[in-house]
């Protein structure tokens, strides 16, 4: 699926929901005009906030031949470029930023989604067989199965046999859920209902792994299960969300190739609202083709 097809899907779904299609920002420079580039900053400072935009834009290459090229490269990516070297070693500020980002990523993995936040969203909360974060990280197999209490809760409080069941889980990034929730779940549910699909009761699974959606789909009799789960955080991005969609999942027979994944959902990647529109279209095609993953025809 190319960018033009994605834009057409987003435009169609957003129009059916009665919402305006977000327009891309106008370029800051005219075509052919030379961009105004700031001079690279090579001075290291212990007072600089390592998580600030200034620190991320820092250029550590001393006496560059083409400063404007470095500035444009630094603006074009969130990757660690233009950090410079001190002999064979990274510069102090580059190393400190690396350590700070690494610490932030570890914090994201270890944090818990607050119960108050889940209640504020009006979501039913269930758990996998995991009881705490340490067990979640060391026993991924238990994160693929619902607890007995969770099974009872789903059977008693959720709509049975829906066309589409939407599930939210913390996964390996708490920030991915809390940062993107309001911009992806409401338009996703609205788009599915606007498409005339029977949508199940959305709920939150604490300590869930991707394969847990197979058991959920089997218990509820869902035709399509959509799992929104936090991705493993990287050094530069801890708010990335993934969508794993599968048609008619079964614990015993569904394999990873049966899933369709849309990853990198966040403000710096695929915008959550745009992702919601693409997921709606994906769910419709899964129901039409009665397939998902590699079994879908393009």
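Cβ atoms here come from the backbone N, Cα and C positions, even for glycine.
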Inset, instruction - Identify the region 'Targets protein to the BMC' range according to Swiss-Prot, selecting from 1-19, 20-38. - result: 1-19
Inset, instruction - Measure the Cβ-based neighbour count of residue 261 (adenosylcob(III)alamin binding site), defined as the other Cβ atoms within 10 Å of its Cβ. - result: 13
Legend entry - Set of same-chain residues at least 6 away whose C-beta sits under 8 angstroms from residue 231 (adenosylcob(III)alamin binding site): 171, 172, 173, 176, 240, 241, 242, 263, 264
